[in-house]
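Taken from TrEMBL as is:
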type	residues	note
ACT_SITE	Glu107	active site, nucleophile
ACT_SITE	Glu111	active site, proton donor
DOMAIN	20-217	domain 'GH16'
CARBOHYD	Asn115	N-linked glycosylation site
SIGNAL	1-22	signal peptide
Amino acid sequence: MAAAYPWTLFLGMLVMVSGTMGAALRKPVDVAFGRNYVPTWAFDHIKYFNGGNEIQLHLDKYTGTGFQSKGSYLFGHFSMQMKLVPGDSAGTVTAFYLSSQNSEHDEIDFEFLGNRTGQPYILQTNVFTGGKGDREQRIYLWFDPTKEFHYYSVLWNMFLVDDVPIRVFKNCKDLGVKFPFNQPMKIYSSLWNADDWATRGGLEKTDWSKAPFIASYRSFHIDGCEASVGAKFCATQGARWWDQKEFQDLDAFQYRRLSWVRQKYTIYNYCTDRSRYPSMPPECKRDRDI
């Protein structure tokens with residue numbers, strides 16, 4: 001990628017609060033599942049409703065299921081409405097993530113960790129760059145994600161829940177940290193059993209008498225720079241709404257919302273885990289994660 005490519009600047013500055021005010025993100029466009037996505041495994045465990053505008057993923061003791069985007073994308077805005085597994089969901093994981101397809105892959109993760117009835121879901125986010133992850137952050141949500149549909153979105157290096165920013169990952173290449181900007185990614189989602197680690201570190205096991213476990217989806221929005229797997233730059237550079245100057249920064253209101261999430265709902269942050277990282281990872285200070 002050429003050094004002058006505007007997304008390098010965009011991704012490096014997206015969350016800095018400066019004199020330039022950020023702009024409200026465009027509302028996702030509600031489209032049917034089949035427009036942007038295809039099933040990937042256990043096709044019979046995906047149920048379709050309302051002409052494919054809504055789907056359900058089913059998990060039982062035999063298998064979970066999942067789907068992926070038809071295209072691969074370098075940059076953009078990706079969003080779904082999801083309603084998570086209700087009731088006793090311990091041991092289950094519902095995932096929504098972007099990932100490239102190579103050994104030194106990049107990946108941007110939402111993982112929803114189930115829990116016993118009455119206990120809150122945990123939303124875990126993670127970022128892999130050049131095949132390296134271990135950048136987990138965990139939060140509680142400020143609502144019950146099993147009752148209604150909510151938007152979960154990625155603006156490439158920015159995680160949002162109902163347009164509330166919950167995490168950012170800035171460009172820290174100058175600090176020796178690789179950054180996900182030149183490997184096209186597909187978008188994936190899945191529902192699967194992970195009771196060896198998902199709930200209380202694996203202490204709580206999946207209760208199969210409660211199966212099938214069901215996660216619901218709608219509004220399969222993709223607005224991105226579609227690229228072949230080998231592409232390293234976007235042919236529409238500078239032309240899309242998310243590639244404009246006003247989207248380089250969070251504005252003051254957005255930053256306050258991010259701070260609110262940090263202060264009230266964060267339950268784990270790799271940046272402050274000195275048992276794993278005796279020295280703070282270099283990106284944490286720039287990401288304002290301390």
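Backbone N, Cα and C define each Cβ position, glycine as well.
Cβ neighbours within 10 Å of Asn115 (N-linked glycosylation site), excluding its own Cβ and spanning all shown chains: 20. Mean predicted confidence for the domain 'GH16' (20-217): the pLDDT average there is 91. Cα to Cα, the residue listed as 'N-linked glycosylation site' and the residue listed as 'active site, nucleophile' are separated by 25 Å.
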